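J.: To start, I am sharing the structure in question, which I have written as C-alpha cells.
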Amino acid sequence: MRSYLDLLQRILNEGDKREDRTGVGTLSLFGERLRFDLSTGFPLVTTKRVHLRSIIIELLWFLRGETNVAWLHENRVTIWDEWADSDGNLGPVYGKQWRSWAGSKGRNHDQVAELVSLIRKDPYSRRQIVSAWNPGDLHAMALAPCHMMFQTYVANNRLSLQIYQRSADMFLGVPFNIASYALLTHMLAQQADLSPGDLIWVGGDCHIYLNHLDQVQEQLGREPRALPQLKILRRPDSIDDYRLNDFEVTGYEPHPSIKAPVAV
Ligand SMILES: Nc1nc(=O)c2c([nH]1)NC[C@@H]1CN(c3ccc(C(=O)N[C@@H](CCC(=O)O)C(=O)O)cc3)CN21
Ligand SMILES: O=c1ccn([C@H]2C[C@H](O)[C@@H](COP(=O)(O)O)O2)c(=O)[nH]1
C-alpha cells in the first residue's frame, strides 16, 4: 500500500487548501490513480487497523439492493447512520441503482446480474459497466454516489476492475473503498470462473480533511507491512449468495487503529 501512502504525502505537500460542502475544509488534488495486483495480496491498509468486517457487510448490503440502514444495524455496522433519515432511509443510493435502476416503461435494470452474465458470455465486451450515477435520482439520495461507476475487463483468464470515485476522503473512506472493490473483484471473478486481476482505483477530488492531518502524519510515520491474503471459502451459486463467513483473511497484522471524526 506504499502507493496509497505516497498519495497521502503528495496531497499534504501539494494539495489545494479549500472549503468544502461539510464546512471542515480539505487539502485536495484532482485526478489520481492507484493500481493493485490482486494476485499478490489483498489491498487492506496496514499502517492502521481497518475494520474489514464493516466493509464486507456494507458490500453485501449494496448487493442485497438495500438502501435502509436497518440491515446494517442487524449486523452491527453504523457507518451510514449520519446520513439516514429518522426511518433509516438513505433514498435511492447504491443498492437501488446497482440492482434495480428504474428505466423507461417501468423496466428495472439489475446491473450487477447483467454484468455477471455479460462477463461470462462476452468476456471481451467493452460495455461491462455498472453505474450508480443516476441524475434523475440524485435529488432523492442522502449523499450523491462517491464511487459512482466501475468497469471490468478480462485478459489471460484474469478479471480486472476499474473504479471511478468522483470524491475521495483519503483517510477514512478510501481504505474502505479500495478493500470493498477488491472484494467485489474477487467475487465477480469467482462467479465467472476467472482469477482476480488488477484493481485500478481512480480518484477525482482526492482530499484530506483538515481535521485528519495529525492522523495522516501518524500514519506516514509507520512502515507498511506485508499484505494479507483473502480466501473465499466456498463457491456460492450466484453473486447474491455470499455471506460474511465466506470470507477469510489471513496474515493481517496492521499497526494500531487511528480514530478520526467523519465529515458529514
Ligand atoms: N466524509 C465522508 N467520508 C466517507 O468516507 C464517507 C462519507 N462521508 N459518507 C458516506 C460513507 C460512509 N463511509 C464511512 C463512514 C465512516 C467510516 C469510519 O468511521 N470508519 C472508522 C471505523 C468505523 C467502523 O468500522 O465501524 C475507521 O477508523 O475507519 C468509514 C467510512 C464512507 N463514506
Ligand atoms: O464511499 C465513500 C463515500 C463518501 N466518501 C466521501 C468523499 C467526500 O469526503 C464525502 C462526500 O461529500 P461530497 O460533497 O458529496 O463529495 O464522502 C468517500 O470517500 N467514500
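Residue numbers in this text run from 1 along the chain shown.
Quick reminder: no glycine exception, Cβ is built from N, Cα and C everywhere.
Curation plays no part in TrEMBL annotations; they are all automatic predictions.
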J.: Among ARG2, ARG21, which residue does TrEMBL name as a further dUMP binder in the site formed by ARG126, ARG127, ARG166, SER167, ALA168, ASP169, ASN177, HIS207, ILE208, TYR209?
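T.: TrEMBL lists ARG126, ARG127, ARG166, SER167, ALA168, ASP169, ASN177, HIS207, ILE208, TYR209 binding dUMP, and from ARG2, ARG21 it also lists ARG21.
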J.: Long-range neighbours only, meaning 6 or more apart in sequence with Cβ under 8 Å: which ones does HIS51 ((6R)-5,10-methylene-5,6,7,8-tetrahydrofolate binding site) have?
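T.: Within the chain, HIS51 ((6R)-5,10-methylene-5,6,7,8-tetrahydrofolate binding site) has Cβ neighbours under 8 Å at SER257.
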J.: For the C-alpha pair, I'd like the distance in angstrom between TYR209 (dUMP binding site) and CYS146 (active site, nucleophile), rounded off.
T.: 16
J.: Please state how far apart, in Å and to a whole number, the two most distant Cα atoms are among ARG21, ARG126, ARG127, ARG166, SER167, ALA168, ASP169, ASN177, HIS207, ILE208, TYR209, the recorded dUMP-binding residues.
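T.: For the residues that bind dUMP, the greatest Cα distance is 36 Å.
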J.: State, in Å as a whole number, the widest CA to CA span among the (6R)-5,10-methylene-5,6,7,8-tetrahydrofolate-binding residues HIS51, ASP169, ALA263 given in the record.
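T.: Greatest Cα separation within the listed binding residues comes to 19 Å.
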